[in-house]
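The structure appears right after this line, and notes come after that.
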Amino acid sequence: MSPRNATTSDTPDPVDALSGPADSSGGGSALSRMLDIFDLFSPDATVIQIDGVAEHLGVGRSTAYRYLQELGERGFLVQRGKGRYALGPRVIELERLLQNSDPLLNAGKVVMADLADLCQNRTLLLCTLFKDRVLCTHQVGADEIVYNKEKMPIYRGRGSVLPLFQGAGSQAILAYLAPHQIRALYLAKAAEIREAGLGEDWKSFRGALAAIRKQGYAATVGRRNAKVLALAVPVLTVAGQVVGSLLLLSPSTEKERETVLGVVPRLQDASRRIGELEDKPVGLRA
């Protein structure tokens, strides 16, 4: 059956499918436009300008200036010269609160500390889903991996973004999404799915995800660096909802591939413990 012939009368938009019902405001309120300003920030764009904000929001320069001023007054932005703005101290405060109160992160820290022995020349990452992308939230182990004496830095610290269809950390989450979410994603992102090698059509895409679920993990060799092996298991809540993945990065040698497959049960046990602890969040810490 093709996704377009599914029995549901309305196929949800992929963003709605992943993050819940749309805002009743329709996304056109002044508040939503103001929040859209943060979409302009990226590792390559840490400072934004009024003209760029106005163009991005489709508003006049005076309106863009007013939005920036309001965010600045509340500490979310700081001015870096005339018409230039960067993230402000309020963001730092909120990040600190998040690090202390995020149930998944706190559970991951506890469990991943017990896996330090697996991280000799390997990196262990906790990933979580945010809309149509995956974020790294915690890292244990090496900052670089050595492959035949070649040192390869790992650029996957907290806040790093992973594409949803590429890499084991993302695919381990993708395979465990609800069927309607997977269907909606295929309808909207078929070209990206083909490019990622997850299927030329709906049937092959479903088959690829079913294979990941059957073996209980996803494994890939880095698209940018074939010397890095990635293996990930899903993190599920007690109720069975996928909330993230546990991702192990290691050198892609034949011996290492055999070794890493041997530790899959430990990773699966760790992910189970994270899911259980995630339902019992640690309180706010100083």
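Easy rule for this one: first residue shown is 1, then count along the chain.
Just so you know, glycine gets a Cβ as well, placed from its N, Cα and C.
Taken from TrEMBL as is:
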- 1-25: region 'Disordered' (REGION)
- 1-11: compositional bias 'Polar residues' (COMPBIAS)
- 28-89: domain 'HTH iclR-type' (DOMAIN)
- 90-280: domain 'IclR-ED' (DOMAIN)
Over the domain 'IclR-ED' (90-280), what does the predicted model average in pLDDT?
90
Secondary structure tally of the domain 'HTH iclR-type' (28-89) (DSSP, helix then strand then coil):
33 helix, 12 strand, 17 coil
